[in-house]
Each structure stands twice: as structure tokens, then as C-alpha cells.
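Just below is one structure, and these are the notes that go with it.
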There are 2 protein chains.
Amino acid sequence: MQTLSENRCFGGTQGVYSHAATTTNCDMTFGLFLPEEAQDGPVPILWYLSGLTCTHENAMTKAGAQQWAAEQGIALCFPDTSPRGEDVADDEAYDLGKGAGFYVNATQDPWARHFQMWDYVAEELPALLAENFAIDMDRQAITGHSMGGHGALTLAMSLPGRFRSVSAFSPICNPTGADWGRKQLTAYLGDDETTWARHDASLLMAETGFDGPVLVDTGTSDQFLDLLKPETLAAAAAKRRQQIQFRMQPGYDHSYFFVSSFMEDHVAFHAEALYA
Amino acid sequence: MQTLSENRCFGGTQGVYSHAATTTNCDMTFGLFLPEEAQDGPVPILWYLSGLTCTHENAMTKAGAQQWAAEQGIALCFPDTSPRGEDVADDEAYDLGKGAGFYVNATQDPWARHFQMWDYVAEELPALLAENFAIDMDRQAITGHSMGGHGALTLAMSLPGRFRSVSAFSPICNPTGADWGRKQLTAYLGDDETTWARHDASLLMAETGFDGPVLVDTGTSDQFLDLLKPETLAAAAAKRRQQIQFRMQPGYDHSYFFVSSFMEDHVAFHAEALYA
């Protein structure tokens, strides 16, 4: 593991690190914020999964999460959204290939060799953090934005006991039923739609739900509502009587101005679960 | 004036606008955050001047200022740092020409035609804001980062009565005595160093000071301390018994991670003056 940068930030340290990842067969870069308390011992962690076109950097610089994490004594991890490098397959579209890993393990060519983002985020990166940083892996929570909200919700529901709480900002809620999803799931997983179901937050909510609190925020002026389909998640959660705060925020859109506006709420929500 | 974007943000609106500027002879873009209170009437304003290589956008997306401005009911203006466009003179160096206006009115070729950033920030943009937005121009304050801290300090001390308070993050404090300054002042203003003095915060502090509170934060691990020379400003302020909080923040560097870490303090500092 290599340290690319470390900056003092809200009394803690915002670091950027890279490592040769075996799941994705390439060098991966991630951001990690450690609050001051990490100097004295392991701290809880909140994962932040980013959306289409993002790297590890966007949320790290624009979401304003460090201040609240510092206040709560929580670490933040910002993984990249796809494998990277010259020999990694890509597509001209912004929503397929690099920057658009969709948090799945691809089974189809040309993607399968590197696009193993589920295993990277669920297994390899947590193991790396546990080994190298003062993080209490028994206290994890997860959030994300857009495609990252999809990742957060599907990981949380698929790994029972791993995360104490899950939240999302304008998540892709029903990828098997929308153009942000069908195209990518076809490319990465193939035509057999039965393999898609475990990557659809609304289907997972109907099937298994989440054993803990859920918070979802979406803007009423989000320009991508037709692609996100928050209504399918809301309906599934209500039907199974899932503990959830599902909020449509008046006038907000899909941007980081929206994410940062409600970041304080989300970090406080996770802190309550992490320190319960 | 043209609206490039408007995003809901912390209950208010983060807008980006462009206009044909007569001072700089080109189209200029700026960011303006208006808190919710601006719907009911004019609100105070805090100017944020950015540093080398920045546009209007960097601080708008990375400084985390909107949340505190929203809490205090204060508008934020993020001007660009130089004239822009294909016919605007430039230099290969990052610290001269585009992105490096230094908040002066250039008198030398090839800069004089467009590089009139002092007049743009001191006169033209305030007039435009007063005409188009619900801003109380009797209640203004100013801050900035690095080159923008230099701009904030020199504008505040040169325009008595205009700003109720001034602050700066890692400002260039003594440009007549450092490589971030001598090169640019020579290029923009010529060899006669007597014309430089009114653009040196330390010299202005010794000469006139500021009729109000001053707050300056610099990181002890700032990689540019030799270019910033905060010690000259501190000495000048102490000598003239200027009301000032001059802080060296342990371990922080020159980045926006530093700026955002202390933004709450700065906005609260200005709010106290603006609502006094």
C-alpha cells in the first residue's frame, strides 16, 4: 500500500492511498478520513460509495462529510467506482466501464477480468483497512450517492450483520427496471435476468430487507428521478414494514449541493447506530 | 447577465452566473449563494476571493461555506480569479496570467487590456449584485484563500467603510517581498516598486490598518510559508495594535482540507460583525 497524500482535516487526517488489488487486477486508489480519536484506538467506519463518473475524490472534496465524522469520531472510506488503468476495458458511454462499476462482479467479457467491484468493496478493501488502520470493523455503516446509493443498499441487505445502518442519497433503486441498470447489468452479468436480482435494492427490500435502520434522501427536483425510481424502494419498504426514513427533499436536485446539504443528518443517523 | 446553473443548497440557492464585464473586457463567471432569507429581503454578503489556478468553482464546491452562510442568513459571492477567453493574454506559468489576476489593475502590456481584477471585484461585480439580487450592500465582509487572502486583505484596508470585517486563509501577506508577488507585480504594474505598495497587505497594515476585526489562519505545515510570509503581517499588525486574531494552526497545510476545517469559525466571525 502506498500513501499518495495525507492532509490534516478537522483535527484528523484525510489520506489517499493506492494498492495493487487482486480482485480487480489493477492498482486501486481510495480516500480514508481518520478522526483524531484514531490515534488512541480503533474507531467505527462509515463507507461512502460514489456515483457514475466519480473517482475516490469527488465525495472526499465535495460532500462535506469529514466535519461531521470528526465530530462523531468516525472514519470515512471513499473507494473508487471502478477498476482503472490502460488495460482495463472501457466504453465511450459515461455510464458503462470506467467510473461505472455498479458494484457487481462482472461475469461477461470484456469486463470480467477487472470489474469485480462487489468483491473489492465487500472483501478486499475492508481487509486492507483492518490490517493497516485503527478501525473497529465490528462497527461499520454504509452510505452512497446515486450508483453508490445502489451499492450501499445492495451490499447492506446482502451482507447481514456487516453494517449497523445504511443510508443513501438519490440512489438508483430499481436497476432491473430502468436504463440506469438494465444496460449495465446486461453488459456485466449477461442476459439472464435472474442473476440481476441480487443487485436490485427494491427486489432485495421485498425479499430480505435490512436488519437495522435505513435512511434514504432524494430531491424532488432530481433530474434523474425516472432512472432512480425511488418509488419502487419506498413501496417495497412499506410493504415489508422495514424500519426506514424515506425522504423526498423539496427543490433539491442530484448534485453534491444536495448531498452536502443533508450530510450532517446522515452522519448523525449512522453515529446513533454505530454507538448504540 | 446569464444564469448558468442554480442548485438548491442548504435551503438556499447556489447559483452560477456570467456577464459581459466592462472592466475586464470579457465574459466573467461568478458563483453566488443566497440563503433562504433572501426570499424575504436583502441579506448581508461575504465575499470569498480564491487563490492561484482557481475559478469561481473551487471554493464553491470544496470550502463548505454554504452551510454556515445558510445558518447565519448570509450570501456568499465567489468571483473568478482572472479574466478569461481566447483573446486574453496568458503565460505558461500557473502563477501568472489566467487564474492569477492577483486582484490588481494591470498597467503593462500585454496584461492591461483585460487584467483589471481590482476594479472588477471592487466596483463592477458589487454593482451587478446590488442591481440583480436581494443583497444588503451596507453589510459586506470579505475573506479569501492564498492569493485571494491577499486580495481580501488589500481590498479591505484600501476601501475604508466598505467591509465590516476581513479574514483570510493562508494569505499571501507580503507580495513585494516574495516570489508570489514580485514576479506578478512586475509583470502587471511594471518595475516601479512604489506602485506595488498598495497591493501588499503587510505594508498596508503598517500604513493604515483596518477599521474593524481581522482574522487570519495559516497552517504550520503549509508548504508555501516562505512565499506567504505571514510573519510580516503579524509583526505589522502587532506594531500598530490592530484588532486581530492571527492563528497558526498546527499540522494544517495549504489545501481546501485546511480551509474547510476552519470555515465555520470564519463565517461566525463575519456574522458577528455583519449583525452587530
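Using N, Cα and C of the backbone, Cβ positions are placed for all residues, glycine too.
Predicted, not measured: the structure shown is a model, and the values here were computed from it.
Counting only residues at least six positions away in the same chain, the Cβ atoms of B:GLY51, B:LEU52, B:PHE169, B:SER170, B:PRO171, B:ILE172, B:PHE224, B:LEU228, B:HIS254 sit under 8 Å from the Cβ of B:SER146 (active site, charge relay system). According to DSSP, B:SER146 (active site, charge relay system) sits in a coil region rather than a helix or strand. Per TrEMBL, the feature active site, charge relay system maps to B:SER146 (among others).
For B:ASP222 (active site, charge relay system), the Cβ neighbour count at a 10 Å cut-off comes to 21, with all displayed protein chains included. Following the DSSP three-state reduction, the secondary structure of B:ASP222 (active site, charge relay system) is coil. Per TrEMBL, the feature active site, charge relay system maps to B:ASP222 (among others).
B:HIS254 (active site, charge relay system) counts 22 other C-beta atoms within 10 Å of its own C-beta, drawing on all protein chains shown. Annotation source TrEMBL lists active site, charge relay system at B:HIS254 (among others).
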